[in-house]
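Student: Quick one: the structure is below, questions incoming.
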């Protein structure tokens, strides 16, 4: 008897656990992805077709154009405004039976893929992007083939849509084949490109470009730069450089190509005019030119002007030398100071003259 009671308790407990699990699974929101512009049907759990339910989206009654058919909610020509958390409740007690997170988007299209080696001969990287937004999470699968074998692909830690691949061998004559597949809940699309090693070599621009005027030379500028830090072996894989410069007053560039030097003296600068200067780099044998470096500005040496003498002082000195009598427009010299007796005599001289005439 005790064994029978124990068995019955276990059966009841198991049934309760199963019922609770089913109830929890119905209450946890599940994702449903639908294509933009389509009609959408959402099913309220596993309720029978004659069940009566009501629906809410984000906690409020569904107001968008829709149709109810038993436990199903049907939306017409959905767009991004239909995104949200939908919940269904069984009538008449209003018990929640299911929760659905509706995501509206579009299937991916073929991604745009480009590959480049700025660290030759170590390896290359490939990057990709979608020309059209999908509005739902989209991932990318990358496969790289060389000489009929797959190469290891390393995700770039700094760029989401970029991967790095090591060259399995240098100077290989076998082409590389890169396939990138865009994948989301509504579909997938792929792009495949093929290239030879030499065609993707492109260094980064030269760094730390400087331009310095040369003292006492109004037509020269000394330009120097450093090779890109990302280029790993400058000794065995040297770079050549392309310099361009122009005065700001003109639109036409002047160009100089240099074999392996990292400096150049401009000798035909226009005196006193500000110049803009940039440099590009390229492997001496293969690949293409880098982008232009960050522009620098410089002006050739300008001689310090002589001190300017005041015009008033010059005119006064000239007039003093050429004319013994100052003109009426020139400033007059002040009279010399006289003593007290002399000033008294000058003040009374008319009175003394009159007295002298009376006694004559």
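Here the Cβ of each residue, glycine as well, is placed from N, Cα and C on the backbone.
This is the feature table in TrEMBL:
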DOMAIN    37-88  domain 'Ig-like'
DOMAIN    107-204  domain 'Fibronectin type-III'
DOMAIN    205-305  domain 'Fibronectin type-III'
SIGNAL    1-21  signal peptide
Student: Looking only at the domain 'Fibronectin type-III' (107-204), what is the model's average confidence as pLDDT?
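Tutor: Mean per-residue confidence for the domain 'Fibronectin type-III' (107-204): 95 out of 100.
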Student: Can you count helix, strand and coil residues in the domain 'Ig-like' (37-88) using DSSP?
Tutor: 3 helix, 24 strand, 25 coil
Student: Please work out the helix, strand and coil residue numbers for the domain 'Fibronectin type-III' (107-204) from the DSSP assignment.
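Tutor: Helix, strand, coil within the domain 'Fibronectin type-III' (107-204): 4 helix, 49 strand, 45 coil.
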